[in-house]
Structures are given as C-alpha cells and as structure tokens.
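Undergrad: What TrEMBL records for this protein is below:
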{"type": "DOMAIN", "residues": "515-564", "note": "domain 'Cationic amino acid transporter C-terminal'"}
{"type": "TRANSMEM", "residues": "71-92", "note": "transmembrane segment"}
{"type": "TRANSMEM", "residues": "98-120", "note": "transmembrane segment"}
{"type": "TRANSMEM", "residues": "132-152", "note": "transmembrane segment"}
{"type": "TRANSMEM", "residues": "195-219", "note": "transmembrane segment"}
{"type": "TRANSMEM", "residues": "226-245", "note": "transmembrane segment"}
{"type": "TRANSMEM", "residues": "265-287", "note": "transmembrane segment"}
{"type": "TRANSMEM", "residues": "299-325", "note": "transmembrane segment"}
{"type": "TRANSMEM", "residues": "345-368", "note": "transmembrane segment"}
{"type": "TRANSMEM", "residues": "462-480", "note": "transmembrane segment"}
{"type": "TRANSMEM", "residues": "486-503", "note": "transmembrane segment"}
{"type": "TRANSMEM", "residues": "515-536", "note": "transmembrane segment"}
{"type": "TRANSMEM", "residues": "542-560", "note": "transmembrane segment"}
Amino acid sequence: MAENQTSSSSSSSSSSACCSYSSCWWNSSTWWSKLWASARRVRDLNDFSPAQTLSVDEDAVMVRKFGAIDLVLLGVGATIGSGIFVLTGTVASTAGPGVVLSFLLAGAVSVLNALCYAELASRFPAVIGGSYMYAYTAFNELTAFLTFAQILPDCHVGAASIARSLSSYLVEMLELLPAMKGKIPSWMGVGGKELFGGAISINILAPILLLLFTVLLCWGVEESSALNSFMTVIKVVILLAVIVVGSFEINVSNWSPFAPNGSKAILSGATIVFFAYLGFDAVPMSAEESKTPHRDLPIGILGSLFICAILYIGVCLVITGMVPYKLLAGDAPLAEAFTLKGLKYFSILISIGSISGLTTTLLINLYAQARTYVVLGRDGLLPSIFAKIHPTSHTPVPSQVWVGVAAAILAGLFNVDSLSQTFTVGSLIGYDVVCACLVTLRWEDKAANQGSTKWLSNWQEGVICLIAVSCCGFGIGLCFRYSVPYIVWLVTALIAVLAHIKLHYCQVYVNPPGFSCPLVPFLPVIAIFFNMFLFAQLPYAAWWRFVIVGIISLVFYAFYGQYHAKLASLNGTTDYHSLLA
C-alpha cells in the first residue's frame, strides 16, 4: 500500500512537473521574459581567467608556443591568398594606376579595425574568443552568439572555396609536365564533375587536401605553425621578387592618366580590394597559444597588416607601371604583365606564390575556426564536445575534425564558388561589433550608467548612437551604389556626425592599460561607418544570407543556447568564477 501511495505520489509529481513545464511553455509572457533575461547575460572583464578550459584533465590544455614573429607570420599567412595575384589586375582595369589609392584607402580602413582588435587583444585575459568574447563582455550573450553565427558560414564556405581553388592550381601545375598534360579528369580537381544539372559537383582533390590539413592541425600546433611559416616566407619572397624584378621594367608613361575613370572608380575599387586585407582577425584566436599574448597579439595584428599593405601597394605600382592598365583585365594579370615583358618564366613563380598563398590561408582558416568552436563549447552555447582539448597534442581535436569534415563535404560535393561572394559578410559584421565593443568598454562606470534614473541610461544612449552611425554608413553606401540625390547623402551624413558628437561629449572615456587605440571614439566610429558602407556594396545574395543566418541563429539560441549556457545570471552579470570552482 505504501509503495502504491509512493508510486502514485511520484506519478502525480511527475505529471505536475510536466504540466508546469507545459504551462510555462505555452505561457508566452513567461517564455519571452526568460529568453529576454538569458539574452541579456553579460560577462564582466574581471571575471575572465586563462584557466577556463573547463577540462577535467589538467594536461588537456593548449600550450603556449607562439612568439611575436610566429603571430606576424600567422597574420600574413591568413591575409595574403591568391587575391593579390588577381585583384590588382581586376581593379586596375577600371581604376587604372589609381588602384594604388584603392589599396591605400582599403588599408586605412583595415588599420582602424586592426587598432580596435589590438587594444582588446591586449586588454582581455589571454583566452580565445575574439569578437565573440568581446561582444559577450561589452554587450550581451545574444549579441555574442549572433556575431559568432554570422562568422561561422563564412568560415565553412570560405574553407571549401579555398580548397577548390588550391586543387585547381595544383592540377594546373601538374599539367605543366608533358606526361600529365590533359590526362587529369575534371573530377580530380579542376572545376569538378557536374551531376544532376550542376546541383552536385564532384571534386576529389579538395576534400583530400582539407583532411590532410585537418590531420596536421590535430597533430600539433608546432607542426602546423612550421608549415604556415615556411609557405608564408615563400609567398612573401615571391611578391618581393615581383616588385624588384618588375621595377626594372616600369615605363613611367603607363602611370598617366593616373585616374582615367575618376575618383568613383578608385572608391569602387577600394570596396573590392578591402577584402584582400581580411585575415588579421585570426591572430586573437591564438591567445591561449601565445607566450606573451598581451604584448605579442597587438604586434601580430598590426605587424601583419602593415606587411600586407606594403606588399599590396608595391605590387600595384609595379604592375601598372609595366604595362598599360587596359591590358590587366584577365584572370592572371601578374603573369600576363611579365609575359608581355618577355619574362614568361615568372608565370610559374607566380603560380607557386598563389599555391603558397592558398595553402596558408586555408590552414589558418581551419585553425581559427576550430578555436571559435572551442569557446562556444566551453560556454555551453554549443555541445561541450567542441570544448575538449587532446591531452597529448594539446589541440582541439573534436572541433578541428568537425571543421575539416564539414568543409570537406562542401568542397567535395558542391560548387561553392557561387557562395564565395557572400563569405565576407561575417568578417564585416565581426569588425563592426569589435569597434563598437571598444567604444562601450572605454565608457567609465558602465554599471552606474545602466542604472541611471533617466528614461534611457547613458550606456543605452551610447549604444543607440553607435547603431545610428552603423545605419548611416549603410545608408551612405546605398547612396553611393544607386546614385541617390546628394541631399539624401547630406542628411544621412549629418545624422552620423550628430551621433558622433553625442558619443564624444556625453560619455566619459578612460584609457586602459597596455596598448591603447588613439582618438577614441573618433577612429572606431569611422571604422564602423566604413564597414557598413562596404556592407552596402555586397551583392544581394550576401544581404539575404545575413538575414537568413540571423533568423536561424535566433531560433537556435531560443530553443537550445539559452537553456544550455553554462554562465549563471546574477543581476545582469555573470559570476564566471563559480563555474570554474
């Protein structure tokens, strides 16, 4: 009888709990309030600890192997791909020798973003996370997760696209051998074997390359770093050779007229070549593998960007001086320029440079992508398997394998080139968020500002101003793209200026220890504005991708992330130390 009563009581309790959950689920106000509370969780900067691996085995942590030079080479390796061998000619064919100014303008905007990254990398504890971690601290959990979600598709599609390009270059190099000429099937690496009307495109070599790189990255950071350093040195030496040898073939008359199609062609060119500077944001993802991260991460970020800018501008000056700009519209402008000057052997050297560039870009893409998964796994926003570090190799093997396999499937079965035009969305969003994070983290006494008795706190007013600047940048970009009347330009620019004035005079800014970005908030605001200006120049498919990924991410967070996040919410901030106890 007692057992029956116990059973009945247990059943009743279970039923009651089930009903309670059900009523909670259907009670929309309760569910939305829970979602809103979860989304607003934030971390305090002082709550971070390098020991946050959340691993049972103390040996299963990443090891600090990278010095400043390694980080510079990592940044250069991630940034310089095959684009420099193609983009220079593509833009020069319309902007003329003014392509140099296009690279200068794009480089200037990239430097503004890099300064923001450098300060935050120096200011935060030596843990991985990058833009995700900065957003978690400056804004909230939902903003951090959405930032990660926008970057995620770019990484997967980008890796698959780069792998396909690399396989094509390798096949072309093999076909230089007489015995291999015309004997390598399309499904092996060039283009791919199309099936079902092009819905499937079989490529065997690309996934093999991805799996090989995945094995190398799982093996150890020293081995992958050695390959990156070796290949990066090769491509830098080749670019220096292009500049030095090409300088002896310059005809100064080819630089006149300098801007044949006016300033608009130069500005349009800047929106294209800006994406040649993407990649330095991979450096902060090595924070837990850097020997002295607070000193070396800023050096790696800014040093790699400076080297890339010098090489880009040098190549542009040489190539536009060697031949008339109208002859640079082909798929291989550098090789074509040297061929026209009787230096055909240089085309082989340039192909080697392209292969080196693609190799390092792919390697660092996979490296940084896996570490992004690690930090999401640690925080519970993704399954905890992604957070595991191998005790022997000290690498995130589960995350690395997932990243490699996912990219291999995409590269092996689909022609992702059509999607590659959209994989700059995440980088621009990430840059914008990081610049905004720097501004908000410089505000004095954020907690006091949020607790203001005004209808809007100072902090909220500041965030609204940052959003206004971002929207104005996008609006000016649309005006430029669609030739809108100048009165619209003027009104939009005026709103941006007023928002900046509000930011400058209504907030108190403090200077952090370590590396400090100058002229805050002016420089970060300019970066935010131009990032969104560039976003407005992306194809429509990129905008749709942004919206669709955002919706999917919101749904995932609402039904998984908010319930599995390991961070405990306490008065709007996170007691992170309690999770590490």
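Placement of Cβ uses the backbone N, Cα and C atoms for every residue, glycine included.
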Undergrad: Quick check for me: are there 3+ Cβ pairs below 8 Å between the transmembrane segment (71-92) and the transmembrane segment (515-536), leaving out pairs under 6 residues apart?
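TA: The answer is no, given that the two segments have fewer than 3 Cβ pairs within the 8 Å cut-off.
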Undergrad: Please give the sequence-distant neighbours of the transmembrane segment (299-325): residues at least 6 beyond its ends with Cβ less than 8 Å from one of its Cβ atoms.
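TA: Non-local partners: 68, 70-76, 78-80, 84, 88-89, 92-93, 95-97, 99-100, 103-104, 107, 110-111, 114-115, 117-118, 121, 236, 239-240, 242-243, 246-247, 249-252, 254-255, 260, 273, 276-277, 279-281, 283-284, 286, 290, 333-334, 336-338, 340-341.
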Undergrad: I'd like to know if the transmembrane segment (345-368) touches the transmembrane segment (195-219) in this structure, counting it as a touch only when three or more C-beta pairs sit under 8 Å and are separated by 6 or more positions.
TA: yes
Undergrad: What is the average pLDDT across the domain 'Cationic amino acid transporter C-terminal' (515-564)?
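TA: A mean pLDDT of 94 is what the model gives the domain 'Cationic amino acid transporter C-terminal' (515-564).
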Undergrad: Looking only at residues six or more beyond either end of the transmembrane segment (462-480), which have a C-beta under 8 A from one in the stretch?
TA: 139, 267, 432, 436, 439-440, 443, 456, 488-489, 492-493, 495-496, 499-500, 502-503, 506-507, 525, 528-537
Undergrad: Go through 132-152, 265-287, 345-368, 486-503 and flag the stretch with the largest number of C-beta pairs under 8 Å relative to the transmembrane segment (98-120).
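TA: Most contacts with the transmembrane segment (98-120): 265-287.
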Undergrad: Going along the chain, which residues at least six beyond the ends of the transmembrane segment (265-287) come within the CB cut-off of under 8 Å?
TA: 66, 71, 74-75, 77-81, 83-84, 87-88, 90-91, 94-96, 98-99, 101-103, 105-107, 109-110, 114, 117, 120-121, 124, 126-131, 259, 293, 297, 300-301, 304-305, 308-309, 312, 361, 364-365, 367-368, 371-372, 424, 427, 430-431, 434, 480, 533-534, 537
Undergrad: Given a Cβ distance threshold of under 8 angstroms, which distant residues of the chain, six or more beyond its ends, lie next to the transmembrane segment (345-368)?
TA: 74, 76-85, 130, 155, 158-159, 162-163, 165-166, 169-170, 172-173, 176, 209-210, 213-214, 216-217, 224, 227-228, 231-232, 234-235, 238-239, 241-242, 245, 279, 281-282, 285-286, 332, 334-335, 338-339, 400, 403-404, 407
Undergrad: Give me the DSSP three-state residue breakdown of the domain 'Cationic amino acid transporter C-terminal' (515-564), ordered helix, strand, coil.
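TA: Breakdown, helix to coil: 39 helix, 0 strand, 11 coil.
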